[in-house]
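Peer 1: OK, TrEMBL features for this one:
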- 42-61: transmembrane segment (TRANSMEM)
- HIS136: active site, tele-phosphohistidine intermediate (ACT_SITE)
- ARG183, LYS220: substrate binding site (BINDING)
- GLU209: active site, proton donor/acceptor (ACT_SITE)
Amino acid sequence: MFKKVGLQIFKQNQFIKTFSTINKQKNNTELLRQQQQQIKKTFFGGAIGSGILGYLIAFYTSQNEKPTDIQEEQNENLKEQEQEDIYDGTTKILNKGNMLQFNKEWNYNWDGKQDLANPDGTKTQRGTKYITLIRHGQYNTQAENSEDKILTKLGETQANQVGNQLKKIGINFDQIYVSDMIRSKQTGNIIAKNINQAQKIQEDPLLAEGFPCPVSPLTKPNINEKYKKEKDGKRISDAFEKYFHRCDTEEDQHQLFVIHANVIRYFVARALQFPVEGWLRMSHAHCGITQIEIRQDGTVSLVSFGDSGHMKKDQVTTM
């Protein structure tokens, strides 16, 4: 019985294939016939209309307008349209939910100080703000309590190395900021001692480590759940708005922040008006140096990011 059924199905399939082949042949034959008629019309019209010259032009045209040439042109047009559709579709997907935005113009009033004026109506002349961001040194990640997450021996070495580098550069900082986390305070104290500016240290809990906002792409399936759990976004955003803006005075300002990797990466993305959900795409070494300039006209430049050239190769760590 199974053999009979199988044979029946096989015959049906063969019939369908044969019928399909006949239809294709018919269509091809009809297309060829139409093209040949067009060639004849072109040939005849050219011969009558322009004598021998028309005859030659018509003959040349008829020889070059072969079905294969027409088909190739159609295929090329189809490919171009497909590429345009793919590009449009990809752009729509990337722009969904205000994620990545292409060709976005620079917002000069990002800090709300673009039109700041003096009481007499004149524009305020402002200096340039130079912000130096340093990640704390390597610390004990195995400790359970926050106060026990102190610098390792290597972390102390890293802090001394970056302190010496800042001493060579010779910047006289107006303020030095650290978070309320022990690894930030330890690193800040070592650096400040190296540059003889310990009296300028100020502690701010807003600068503590955290998860600033959801990330894209996902490095782990549930990584954005951490953002919902910790809810650090508003605090870190408030920290950015507190410190990142152009100068209020005519004099240049130099500020040093000895803080944390996530906070630094978020600050950089936001200052440059990059999509902030990309902050985790950047890697920042312990005691690496990041420098940002905020100018009077509201433009911002990243001078360096995570520079670790002041340390030996075996002293550079990220974890």
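Placed from the backbone N, Cα and C atoms, the Cβ positions cover glycine too.
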Peer 1: Identify, in sequence order, the residues in the chain of LYS220 (substrate binding site) that are 6 or more apart from it along the sequence and have a CB within less than 8 Å of its CB; answer 'none' if there are none.
Peer 2: none
Peer 1: Which three-state DSSP class does HIS136 (active site, tele-phosphohistidine intermediate) fall into?
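Peer 2: In three-state terms, HIS136 (active site, tele-phosphohistidine intermediate) counts as coil.
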Peer 1: If one measures from the C-alpha of the residue listed as 'active site, proton donor/acceptor' to the C-alpha of HIS136 (active site, tele-phosphohistidine intermediate), what distance in angstrom results, rounded to a whole number?
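Peer 2: Roughly 11 Å, rounded to the nearest whole number.
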